[in-house]
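Over in Swiss-Prot, the protein carries these features:
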- ARG48: NADP(+) binding site (BINDING)
- ARG125, SER126, SER127, ASN238, ALA239, GLY278, LYS293, PRO294, THR295, SER296, SER297, ARG319: FMN binding site (BINDING)
Amino acid sequence: MSGNTFGTLFTVTTFGESHGPALGGVVDGCPPGLALTEADLQVELDRRRPGRSKHTTQRRESDQVQILSGVFEGVTTGTPIGLLIENTDQRSKDYSEIAQRFRPGHADYTYQQKYGVRDYRGGGRSSARETAVRVAAGAIARRYLAQRLGIEIRGRLAQMGGIELGAEDWSAVDDNDFFCADPARIPELEALIQEVRKAGDSVGAAVEVEVRHVPPGLGEPVFDRLDADLAKALMSINAVKGVEVGAGMAAAGQRGSAHRDELTPAGFAGNQSGGVLGGISSGQDLVVRAALKPTSSMLIPGRSVDVHGEPVSVVTKGRHDPCVGIRAVPIAEAMAALVVMDHWLRHRAQNADVESGTPVLPARDRE
């Protein structure tokens, strides 16, 4: 199975299945000398872990990460960093009924067609459980970017179902179960989750990530544009069906005079581009959004077929998120961190001695 490694110079390879003994990964390309402990990674893992909120899956995993290599006496050595997270709360019996049946809207059918065999327990490799290692790896990148470059990465729930959420108070994001920066709307979110759960259904969502204080110059045209790699990174997250950068799809309805981000000596007049021009960071904040479909794991019966192609009705049992978008926030932050870290190293490798001769314009503050 290929496709398990992400990045060019700062690479992450993950392994493991939802109900296997453990998840793991190898982070290669991290510069030496970065102060790093398991506790530094655990902070981010705790934001993502299942069972932390009554509004998400009730599978309870501690997601305790172990650093197996690449760190000596509290600092990175420049060698591969091995990570391991044990699975401790598998309940595989919940999935016995789908061993011969395909859940509609899931990867069961496509994995069977591609590999001829599949681990049906909790979705196996296709489960969002795999993203725990991404969050741990992203925490390494975030730590480097923050300490060495002053780059800040923050994310929020931007929409749940028909409820669109503003960025009213970023400081509130980690103080509620929804990663919501619009705290006045939280009662609406709670009511929607209760309604969906009672109906045995699920609901979609959108998340937004901002990467602040990014230096200009990151991105490798033409095929490894910064925005292209951000889109790829977010599209690799389970359930993501669409990605926008800056104005995104709204640009189709704009005029050029409104969309262009005019330049002044005092800085950019706007950020419709989402911090990327020509595939290269402009020094503005990177702004990306991802839309996540409502999970197909639900108690409402759905039509499908079995492994013999015969019609069946499927009800997905087990412990599932009624809205997978909630826990996607720290995952999206991690993937953005991996992209920016990788592009920083690539930029430094080729252009470390470049002096543009042009002043760096101040970024426009959205707050």
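Along the chain as shown, residues are numbered 1 onward.
Every residue gets a Cβ built from N, Cα and C, even glycine.
Features recorded in Swiss-Prot, as mapped to the structure shown.
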residue: ARG48; record: NADP(+) binding site; Cβ within 10 Å: 24
residue: ARG125; record: FMN binding site; Cβ within 10 Å: 19
residue: SER127; record: FMN binding site; Cβ within 10 Å: 19
residue: ALA239; record: FMN binding site; Cβ within 10 Å: 21
residue: LYS293; record: FMN binding site; Cβ within 10 Å: 17
residue: THR295; record: FMN binding site; Cβ within 10 Å: 23
residue: SER297; record: FMN binding site; Cβ within 10 Å: 21
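Taking the Cα atom of each, ALA239 (FMN binding site) and the residue listed as 'NADP(+) binding site' are about 16 angstrom apart. Ranking the binding-site residues ARG125, SER127, LYS293, THR295, SER297 by Cα distance from the residue listed as 'NADP(+) binding site' puts SER127 first.
DSSP classifies ARG125 (FMN binding site) as helix under the three-state reduction. In the three-state DSSP scheme, ALA239 (FMN binding site) falls into the coil class.
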